[in-house]
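K.L.:
Swiss-Prot feature annotations, pasted as is:
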- 1-18: topological domain 'Cytoplasmic' (TOPO_DOM)
- 19-39: transmembrane segment (TRANSMEM)
- 40-70: topological domain 'Extracellular' (TOPO_DOM)
- 71-91: transmembrane segment (TRANSMEM)
- 92-100: topological domain 'Cytoplasmic' (TOPO_DOM)
- 101-121: transmembrane segment (TRANSMEM)
- 122-152: topological domain 'Extracellular' (TOPO_DOM)
- 153-173: transmembrane segment (TRANSMEM)
- 174-181: topological domain 'Cytoplasmic' (TOPO_DOM)
């Protein structure tokens, strides 16, 4: 019986390490894909309409908040790709608490960027969809449905990215804490 306990305690950290690495790789790949998809949807969102001979167009570049979200996702996607490469190097070199702490700081910074981009884009998207009767801002999404749907999909994918980065931040923090203890 003591032999089985020793065998379990030796294999458990290896299984835990493999699970941690698998989770990290999976969520980093999903974060990269979500960043690319969200940026692409936002950058390509535009619509031109003709209302009584007046041509109006809506583009992401007309809104600083939408530009911020698009470029935030580009930056986060690039840095997430670099962190994936860094993770592969960390796995090959072995467990060093400092490496996991750097991953934690990276994930926290990327998560903070995405939170800012999502908050800004959600605010302006809400105004576009519902308007604000107190200030006289009219809703535009009833006229620019295609543009608003693409922007809304982009923001939704950014929130998915935020969830992935939150999971990465929590797992990296947990791993760096366990390594130090």
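The backbone N, Cα and C atoms fix where each Cβ goes, and this holds for glycine too.
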K.L.:
Restricting to the topological domain 'Cytoplasmic' (92-100), report the mean pLDDT as a whole number.
P.N.:
78
K.L.:
Of the residues in the topological domain 'Cytoplasmic' (92-100), how many are helix, strand and coil by DSSP?
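P.N.:
Helix, strand, coil within the topological domain 'Cytoplasmic' (92-100): 6 helix, 0 strand, 3 coil.
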K.L.:
Quick one: find which recorded stretch in 71-91, 101-121, 153-173 has the most Cβ pairs under 8 Å with the transmembrane segment (19-39).
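P.N.:
Per the Cβ count, the answer is 153-173.
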